[in-house]
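Worksheet: the structure to be examined is printed underneath.
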Ligand code: FPP
């Protein structure tokens with residue numbers, strides 16, 4: 001059967017999961033995976049549940065995928081948990097989404113600490129409700145010395161705003177002589193973005209069949225490999241992550257060269 005969104009790639013036969021895992025580890029795994037976790041609302045609607053039930057189920061998937069990504073030696077996992085545009089959603093849904101980081105970290109932080117995972121965040125933290133901000137800050141602080149996977153939450157994140165803010169700070173730094181126009185290389189500009197501490201994603205995954213970027217890491221995704229799936233985020237599992245990494249390992253990255 002042909003995969004609808006990746007027609008060049010046949011759906012994998014259901015071979016043994018462990019075998020595929022070992023095979024993946026023999027090759028280079030993507031150092032940074034970014035995920036647009038889409039389809040929570042549709043997952044819930046299909047089950048006649050409120051949309052927030054989909055978000056709650058989606059939260060548990062983040063835990064599963066973090067664990068496997070860490071085991072695979074992936075360095076950074078960025079998950080798009082809330083965009084600067086998501087404030088337009090009904091208040092009940094926004095309030096629920098703002099409570100999820102607390103619930104996630106309240107439940108799983110001890111395990112993340114145990115597994116040497118470091119929690120990070122990109123996004124406009126100062127505009128988050130205090131309870132959300134405090135939960136994320138505590139997790140970042142409790143895990144700051146960990147050296148395993150970086151679990152990076154994009155929370156109240158918007159890429160255009162991020163780039164525009166970067167440009168404004170560059171203008172200020174040129175004005176005050178901190179940087180000259182000639183020194184403003186792509187690398188130098190990257191250091192004005194929220195992702196300044198991390199490499200660009202190697203692999204972007206978007207679930208639920210939507211094929212767009214939704215204002216996510218527009219600068220950082222310039223040379224990233226994209227992988228789309230019809231699977232709704234709450235249904236996404238370890239096997240899907242393996243499938244995405246297998247697809248990535250089959251790609252030839254040329255970064256504009258030949
Ligand atoms: C998009 O699906 C999803 C979101 C806007 C929220 C993503 C949040 C999670 C998966 C929870 C994880 C959070 C933490 C803190 C671990 P949608 O609601 O737009 O789905 P739809 O397109 O089917 O309506």
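Cβ atoms here come from the backbone N, Cα and C positions, even for glycine.
Keep in mind that this is a model prediction, so the values were computed, not measured.
Annotated features, as they stand in TrEMBL:
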- 38: active site (ACT_SITE)
- 86: active site, proton acceptor (ACT_SITE)
- 38, 225: Mg(2+) binding site (BINDING)
- 39-43, 51, 55, 83-85, 87, 89, 206, 212-214: substrate binding site (BINDING)
Cβ neighbours within the same chain of residue 86 (active site, proton acceptor) - under 8 Å, at least six residues apart: 94, 97
Neighbourhood of residue 55 (substrate binding site) by C-beta distance under 8 A, where only residues 6 or more apart in the same chain count: 40, 93, 96, 97, 100
Three-state secondary structure, residue 206 (substrate binding site) (per DSSP): strand
39, 41 as binding-site residues, winner by CB count within 10 A: 39
Of 84, 87, 206, 213, 225, binding-site residues neighbouring ligand 1, Cβ under 6 A: none
Reduced DSSP assignment, residue 86 (active site, proton acceptor): helix
Which listed residue (38, 225) has most other Cβ within 10 Å, given these are recorded positions: 38
The residue listed as 'active site': nearby binding-site residues from 87, 213, 225, Cα cut-off 10 Å: none
Cβ neighbours of residue 213 (substrate binding site) where a neighbour is any other Cβ within 10 Å: 15
Listed in sequence order, residues with CB under 8 A of residue 84 (substrate binding site) and six or more positions away: 123, 124, 156, 157, 158, 161, 215
Fewest-neighbour residue among binding-site residues, criterion Cβ within 10 Å, set 43, 87: 87
Surrounding CB atoms that lie within 10 Å of the CB of residue 206 (substrate binding site), all protein chains: 24
